[in-house]
Amino acid sequence: MKKIAVIGCGFVGSTYILDLLQQGVQADYLLVDKNTNLADGHVRDLRDSKSLKSHNGSTFNVGTYDDLKDADVVAITASIPTVPTADGEVFTDRLQLMTANVKILNEIALELKRVGFKGLSIIPTNPCDVMAGVYQKVTGFDPHKIISTGCQLETMRTRKMISEALGVNSDSVEGFVVGEHGSGAIVPWSVFRVGNVPMKQLIAEGKIKEEYVKDIFSRVVKEAFEIIKFKKATYFGIAESMSLITRAYIYNLNTVLGVGVQLDDKYVASGIYFTVPAVVGKHGWKLHSKLQLSQEEQAAFDKSALNIQKVTKDALDLIGFKN
């Protein structure tokens, strides 16, 4: 069986493992957390859940970094809490988490480098584009074996909102949100389609109101913060996103996903992790064809990319990383 590990056993990490179990992914699961009691509690709970699933030979154990040398997948979900303050205030930009989370990620990266981990690294810890870029620099791991969850959630939310307006299944909505996972995301309406019909045509035919479409971007960006305000954290959606990446990798599905990968020299900020369509299979990821964005969309994409390039450099400086 495959060996799948999660580092950080909070809401996201534990839900990720449960989602894989519910999807029927048989594996030796390892849960790693500084709070070993928390990890042990989840292990016991997951074993109970597995016992009710026939023909599933999965195992669950508390792990250490040394156990991860031969892991196939490691998901890094460790992060500072994103719960609202005592006054009910919620952070409004994922980049606000960088200063604290980069120190946590650096410690984890150095440990995985020490043990010689060679598998796929999945990084949802925010700001995930920056964290993935820092992680690659610190570890020196193959960039194609590092994926940030990127704008996968924004894509899911955009498809959801379009499908609700049109009364169709979200699978019928084609297109990817690209750029930064956060306020710098770009919804390229020029490439979005529903049942192979361009959004522009659907608006012209009166199938969907232009005002509704224009409002989708702000709603997508705010959605996570609304969820955090009401239930203190987001974890169902992001766990499903991580599960999808994991399954594409271990089953060699070669699925095109809108996830954070390292940009090549076709882009203005090459070397950073940023969301573009990528094919995910057993070798990690490879870039899909570059999207043909409108002039306005490309300008927004480039501006956001240059900002992430700067923040990634700032994060590396913060941990004292030198090339």
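Backbone N, Cα and C define each Cβ position, glycine as well.
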One of T99, T149, T155 listed by Swiss-Prot as binding NAD(+) at the site of V12, D33, Y65: T149
Inter-residue C-alpha distance, V12 (NAD(+) binding site) and D129 (substrate binding site) (nearest angstrom): 17
T155 (substrate binding site): tally of other CB atoms within 10 A of its CB: 25
Neighbouring C-beta atoms (10 Å sphere around the C-beta of H181 (active site, proton acceptor)): 30
Diameter of the NAD(+) binding set by C-alpha atoms, the set being V12, D33, Y65, T149, in angstrom: 22
For D33 (NAD(+) binding site): intrachain residues, at least 6 apart, with Cβ closer than 8 Å: I7, G8, C9, G13, A39, A78
